[in-house]
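Q: I grabbed these lines from Swiss-Prot:
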SIGNAL    1-26  signal peptide
DISULFID  C27-C38  disulfide bond
DOMAIN    34-147  domain 'C-type lectin'
CARBOHYD  N47  N-linked glycosylation site
DISULFID  C55-C146  disulfide bond
SITE      S88  site 'Key residue for binding with integrin'
SITE      R118  site 'Key residue for binding with integrin'
DISULFID  C121-C138  disulfide bond
SITE      K127  site 'Key residue for binding with integrin'
SITE      K140  site 'Key residue for binding with integrin'
SITE      S141  site 'Key residue for binding with integrin'
Amino acid sequence: MGRLISVRFSLLVVFLSLSGIGAGLCCPLGWSSFDQHCYKVFEPVKNWTEAEEICMQQHKGSRLASIHGSEEEAFVSKLASKALKFTSMWIGLNNPWKDCKWEWSDNARFDYKAWKRRPYCTVMVVKPDRIFWFTRGCEKSVSFVCKFLTDPAV
């Protein structure tokens, strides 16, 4: 009997792994997983600093999202399209000293960009036919997206 239960459980684990259903199990309810990170789009509009503070309160290691490639950008844009009426949102890229030295709020490497124009804090805009980034004064209020690394031990 114990062996039958073990076999059934093993088959369930294999099924969930292959179906992708288990992929989101490391993220809290309401968050979505992509490439070992959890993401959540927040609709209430906040300025960049307030948005970053809210992200940091959500989960250990959570910050405004850093984007490192077109696949990640497409994933975040799908989340935004589902969650927001107006698909403009803060991401973690900023120029805090206004010296053209851009950095991610989570200290990730600045290795991908999709600029529309320049300086200060960065908004990602999702349109039906394109995705682009542009800079905006950090005091402006828009929606935002948070991100954190999942715990592989969970």
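Every residue gets a Cβ built from N, Cα and C, even glycine.
Are these features on the surface or tucked inside, and what touches them?
A: C38 (disulfide bond) falls within a strand segment according to DSSP.
Cβ neighbours within 10 Å of N47 (N-linked glycosylation site), excluding its own Cβ and spanning all shown chains: 18. Under the three-state DSSP scheme, N47 (N-linked glycosylation site) falls in the coil class.
For C146 (disulfide bond), the same-chain residues lying six or more positions away in sequence with a CB closer than 8 A to its CB are Y39, K40, F42, I54, C55, Q58, H59, S62, R63, L64, A65.
Under the DSSP three-state reduction, S88 (site 'Key residue for binding with integrin') is assigned to strand.
Long-range Cβ contacts of C121 (disulfide bond) within its own chain (separation 6+, distance under 8 Å): W48, W90, L93, N94, N95, T135, R136, G137, C138.
All protein chains considered, the CB of K127 (site 'Key residue for binding with integrin') has 11 other CB atoms within 10 Å.
For K140 (site 'Key residue for binding with integrin'), the count of additional Cβ atoms within 10 Å of its Cβ stands at 15 [all protein chains shown].
The local packing around S141 (site 'Key residue for binding with integrin'), expressed as other Cβ atoms within 10 Å of its Cβ over all shown chains, amounts to 14.
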Q: For the disulfide-bonded residues listed here, C55, C138, which shows the highest count of neighbouring CB atoms within 10 A?
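A: Per the Cβ count, the most surrounded site is C55.
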Q: Could you state the CA-to-CA distance between S88 (site 'Key residue for binding with integrin') and K127 (site 'Key residue for binding with integrin') to the nearest Å?
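A: Per the Cα atoms, S88 (site 'Key residue for binding with integrin') and K127 (site 'Key residue for binding with integrin') stand 9 Å apart.
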Q: Just to confirm my parser: what is the rounded mean pLDDT across the domain 'C-type lectin' (34-147)?
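A: Mean pLDDT, the domain 'C-type lectin' (34-147): 88.
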Q: Least buried of the disulfide-bonded residues C27, C38, going by other Cβ atoms within 10 Å?
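A: Counting other Cβ atoms within 10 Å of each of the disulfide-bonded residues C27, C38 gives the minimum at C27.
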